[in-house]
Number of protein chains: 2
Amino acid sequence: MTSILKHHFTTKIFSPLRLSFFIVPLAIVIGLMVAFFLWLLEVVTNLRWQHEWLIWLLPFAGVLIVWVYKTLGENSDKGNNLIIDAIHNPSTMVTFRMMPLVLLTTIITHLFGGSAGREGTAVQMGGSTADLWSKWLQLKPADKRILLLCGMSAGFGAVFGTPVTGAVFALEVIAIGSIKFDALLPCLLAGIVADITCAACGIHHTHYSIASIENAVIKIGGFFLKVDILLILKVALAGCLFGLAAALFANTTHFIKQKTNQYIKQPLLVPMVGGALVIGISYALGTFDYMGLGVANPNNGVSIVTAFNSYGVTNFSWLWKLLLTAITLGMGFKGGEVTPLFFIGAALGNVLASYTGCPVDLLAGLGFIAVFAGATNTPLACTIMGVELFGGQHILYYAIACFAAYYCSGHKSIYSAQRVAVRKYNSLL
Amino acid sequence: MTSILKHHFTTKIFSPLRLSFFIVPLAIVIGLMVAFFLWLLEVVTNLRWQHEWLIWLLPFAGVLIVWVYKTLGENSDKGNNLIIDAIHNPSTMVTFRMMPLVLLTTIITHLFGGSAGREGTAVQMGGSTADLWSKWLQLKPADKRILLLCGMSAGFGAVFGTPVTGAVFALEVIAIGSIKFDALLPCLLAGIVADITCAACGIHHTHYSIASIENAVIKIGGFFLKVDILLILKVALAGCLFGLAAALFANTTHFIKQKTNQYIKQPLLVPMVGGALVIGISYALGTFDYMGLGVANPNNGVSIVTAFNSYGVTNFSWLWKLLLTAITLGMGFKGGEVTPLFFIGAALGNVLASYTGCPVDLLAGLGFIAVFAGATNTPLACTIMGVELFGGQHILYYAIACFAAYYCSGHKSIYSAQRVAVRKYNSLL
């Protein structure tokens with residue numbers, strides 16, 4: 001027994017302390033960078049709302065972004081995929097230029113009204129900083145891998161204020177169909193420290209809420225049903241549709257990227273056309289609600305926040321956001337995919353609620369997490385994200401929606417570097 | 001695009017319907033069996049409380065249990081390990097006798113005051129029924145594997161009223177350090193149906209609650225801290241201790257089993273001595289609080305419920321429960337390990353709270369899930385269990401405690417059939 005205790009104390013208990021030595025300062029730096037990024041994002045989003053004419057410059061902003069990446073980017077244009085590649089194969093070179101470049105170009109995208117998100121930027125800033133850190137510390141490849149995972153977790157945890165989700169997301173996103181636990185504790189530590197740092201800078205995350213559901217007790221013979229089986233079935237069906245929407249988004253983005261590269265031979269022309277399309281479609285729709293981040297909207301327009309209220313979105317809001325985001329990200333602009341996925345999901349959930357008679361806030365919240373789960377193949381992280389964002393009462397519905405969306409979204413992900421560890425279907429399924 | 005949709009509709013959307021055909025009836029049967037088991041368990045526990053002299057028969061009850069397994073048990077004495085083996089290698093023979101045998105012997109164990117739990121019994125009833133089902137349906141090995149996982153998930157989900165945890169637990173427990181997602185949706189379906197069935201029979205699960213914590217905002221220079229960093233550090237430390245307690249439990253049980261088999265040559269004498277030890281230690285302690293399930297206690301004694309209140313347990317309650325359970329399960333009696341692990345964790349958490357100044361209910365709840373996480377190597381399932389049992393507000397603390405406990409509990413599990421997929425430590429850690 002003494003030897004067991006001694007073994008525990010020398011090799012296990014004190015190693016987290018050794019580990020913190022590497023990870024805590026890294027996570028603080030990432031948390032500060034994410035706070036700066038979120039602050040900048042708010043500034044440029046407000047600027048765009050105040051000066052509507054800025055959107056006319058979107059095509060030229062796109063040219064600038066593509067030109068900057070062509071001239072200075074080295075391989076950093078690969079974005080999140082480069083970080084995922086480096087985690088699978090630590091000899092992959094990640095350049096630190098990725099950090100300032102993705103920050104700058106995301107801000108430009110948002111200033112001029114491109115439809116994009118935040119998480120890709122935060123994850124890339126975290127990953128490239130972690131890579132630099134591991135070079136300075138001259139870490140072995142296995143250690144570099146852990147630090148890269150921590151960088152992703154820190155970026156994700158800080159940008160959404162969800163540290164547990166950040167840790168599970170980093171481990172879950174690198175491969176489809178499995179999670180390995182070797183970096184569980186380091187990732188959680190990184191996520192917590194980065195989130196605390198970011199919040200300490202005064203960054204507030206948007207608050208969403210889903211009201212309680214009181215199920216009536218139904219007596220059938222000698223049996224009592226306290227759950228709403230019909231609601232469970234509706235949520236499962238909605239989850240499947242969220243998964244199909246995720247697959248549609250991933251396929252549309254890939255399709256646009258492939259076709260434009262095929263038909264438009266001059267690379268600088270691609271974002272020019274993309275920017276023009278975003279403006280044109282917005283004018284055709286008569287609204288700018290689907291440009292930019294889409295979390296809130298000062299003009300009483302459609303946003304993620306309004307998707308939680310009855311009649312807060314139109315029947316096709318989800319589709320327009322999907323299209324504009326696929327064009328923005330497929331044609332050279334920068335930013336994350338996740339916030340638009342939240343928008344698409346919440347808006348689609350809102351519509352499904354009105355047709356199925358489910359609570360609107362519940363289905364909007366489920367769409368928010370489940371489209372993301374389907375598009376990135378991270379059903380566990382998204383179930384946990386539901387708890388961190390909306391509270392734990394509805395965890396059963398989160399799990400049903402996210403698992404069903406994961407199941408229905410196919411093997412094509414928004415991250416092409418994601419590997420298939422375990423396929424989703426087998427003979428029984 | 002048409003071909004993508006067609007592919008989705010033919011191979012993916014309709015397969016859950018096909019799948020339900022196998023799993024729903026199985027889960028309903030398991031839910032009914034678990035309800036019957038929980039009802040019986042309540043009856044015999046009340047009987048023992050009313051007739052204290054029953055505990056004097058514990059040694060003879062043990063002889064009966066060992067004799068029954070020797071005579072009729074075939075290989076079902078291996079319990080949960082047999083189910084886990086069969087999941088890894090579907091050609092492993094699981095006998096259906098396991099179902100009635102484990103039900104009967106667990107009830108006997110509890111009637112006469114052995115210190116044991118419920119989940120092992122529920123999981124074995126679920127697993128052996130699933131095995132029978134797959135024989136009837138003449139399923140292929142890969143399908144049998146999924147059905148066995150569903151059986152575990154259904155048993156676990158129904159016995160604790162936690163379907164999401166049941167699904168993640170089944171996938172997480174079969175190997176240390178990784179989860180594969182191939183049976184995620186079938187397991188969730190099985191857990192939900194079994195839980196609904198069990199609840200519909202009128203089974204109530206004990207309600208636990210953890211009060212809210214309002215963190216004061218601390219201003220340091222230009223930074224605002226809204227989280228209690230000291231509490232996070234205390235929870236991390238407590239998590240490590242929960243992991244060591246889990247390791248102590250697993251090692252003590254294995255040690256007792258090994259030594260008694262080595263020194264007591266007559267197998268029927270083992271439970272005789274074990275029963276006598278349980279009675280003797282209880283008399284020496286002057287309390288019967290550590291016999292039986294330990295969820296509640298009619299005599300104002302120590303139980304899991306009282307561990308959530310200040311001064312609800314003594315300083316060494318956790319150790320006595322650990323010892324009596326290790327003796328009970330290591331010397332031939334039957335039942336689960338999980339409810340005693342809940343007891344050990346909640347009681348240890350209570351003591352740690354009084355020494356560290358943390359909220360008692362929070363640390364009791366964390367111990368409840370984290371000792372279990374450490375002993376079974378299921379940190380994600382236990383984090384989710386925290387949400388399903390205590391609500392989502394404290395998920396950050398659940399994750400810290402469960403991940404730390406997982407990390408500190410070593411590679412020895414209470415299930416010897418569990419395989420190591422990814423080791424817990426590497427060079428950086």
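Quick reminder: no glycine exception, Cβ is built from N, Cα and C everywhere.
Keep in mind that TrEMBL annotations are predicted by a computer and have not been checked by a curator.
Looking at A:268-288, A:310-330, the range tied to transmembrane segment in TrEMBL is A:268-288. Proximity of distant same-chain residues to the transmembrane segment (A:94-113), defined by a Cβ-Cβ separation under 8 Å and at least 6 residues beyond the stretch ends, is recorded for 33, 37, 40-41, 44-45, 47-48, 54-55, 57-58, 61, 64-65, 68-69, 72-76, 79, 82-83, 86, 120-121, 124-125, 127-129, 131-132, 148, 275, 278-279, 282, 288, 291-293, 328, 333-336. Of the two recorded stretches, the transmembrane segment (A:268-288) lies close to the transmembrane segment (A:53-73), with three or more CB pairs under 8 Å once pairs fewer than 6 apart in sequence are set aside. Packing against the transmembrane segment (A:229-256) from elsewhere in the chain are residues 213, 318, 322-323, 325-327, 329-331, 337, 341, 344-345, 348-349, 352, 356, 358, 362-363, 366-367, 370-375, 396-397, 400-410, 412-414, 416: each is 6 or more residues past its ends and has a CB under 8 Å from a CB in it.
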